[in-house]
Structure formats: structure tokens, C-alpha cells
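Note sheet for the following structure.
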Amino acid sequence: MNYLILYFEFFKIGLFSIGGGLATIPFLQDLARKYDWLTLTDLADYIAISESTPGPIGINTATFVGYGSAGIFGGIIAVLGIVTPSIIIITIIAYYFQRFNEKPFIQNGFYTLRPAVVGLIGAAGYEVAKVSLFNIEMFTETQTFISMLDFKAIIFFLIIIYLMKRFKKHPVVYLSLGAIVGIIFNF
């Protein structure tokens, strides 16, 4: 494992993933495809764990990916890589904020970043859904759409969406429920 590559990959993720921890998912998916550090299934698991642990999702995910690919030192390197751009950018913004805050081009830039971030998160959600709700390997073998569907996972997914809309509890409640159901029903 080359720690310098790990650091710079997470530096790039920290630099370009504007909009919070979920915005890191497309970049992490690219990382999974580019290197053999993790699989997309591993990434989906890391994201689920990161959602349920305290702290920022992006940093938690970086910790798990770094640790999973290079041990404790890898986790530390990944976290340092992902936070360094934010530290640099916030320091610069703090210095110039009063001077540029009301400029229309700055406001326009932030306005147009929002839909781009939503698109990135949506695309990442689609990729996670492919891994979690569908069995692509089965489709490859049988060439039938119906064989690709993981009905247990899809039904549970729909139940969780319903429960979230109906009861509006903290996400940890639903993640815990998912873990319990997975253990009981052998998902």
C-alpha cells in the first residue's frame, strides 16, 4: 500500500466533494473501481456503518475505507487526506469572507452548486441501490430481469422508507432495525 497515493486520493475527495459526506460517495465508488482497496459491496457496508456511528459521514467513511485497505495507519492517512482541503479552504474563506460574501458571483456559484451536489448524491444512491437491491450476477447468468431482483431487500427497503416517512425517527433507529432484521432473517 502506497500511503502517499492513499493520502492524495482522499485529498482529492475532500477537495471536490462539496455538499457533505454523502457527496463523497461517487468519488469513493470511483476509488473502488480504480484500486483494489475495496469492493462496491464493502463501500456500501462502510457507508451504512458510517451513517450509524457518531461524527461526520465523510470522515467516518474515510476512516473505514482507509482502515480496510491499509490498517490503522491507512485510516489515519485517509482522514488526514480528506480533511486537509477543508482546513485550507476554510482558512482562505475566513480571511476573505467579509470582502466577498455579498458579491453576486459568489452567491450564484453557491446557488448552482446545490443541484450539482443533489445529482452526485442521486447517482451515488443509484449505485448503492444496485449493490443492495439487485443481484447483477444472477441477471448475467439467466438474462432475465426478474431473477435480478432481490425481493426481500426491495420489500425491506420499501418498509424502511414507509417507516421513515411515517415516524420520522433518527436514522440510527432504522439502521439498527436493518441490522436486527438482517440477523434474524439471514439477509
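Backbone N, Cα and C atoms are what each Cβ position is placed from, and that goes for glycine too.
Features of the protein shown, as given by TrEMBL:
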- 7-28: transmembrane segment (TRANSMEM)
- 72-97: transmembrane segment (TRANSMEM)
- 109-126: transmembrane segment (TRANSMEM)
- 146-164: transmembrane segment (TRANSMEM)
- 171-186: transmembrane segment (TRANSMEM)
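Listed as Cβ neighbours of the transmembrane segment (7-28) (distance under 8 Å, sequence separation of 6 or more from its ends, same chain) are residues 35, 43, 47, 50, 56-62, 65-66, 77-86, 89, 113-114, 116-117, 120-121, 123-125, 127-128. Listed as Cβ neighbours of the transmembrane segment (171-186) (distance under 8 Å, sequence separation of 6 or more from its ends, same chain) are residues 48, 51-52, 152, 156, 160, 163-164. Proximity of distant same-chain residues to the transmembrane segment (109-126), defined by a Cβ-Cβ separation under 8 Å and at least 6 residues beyond the stretch ends, is recorded for 17-20, 22-23, 25-26, 29.
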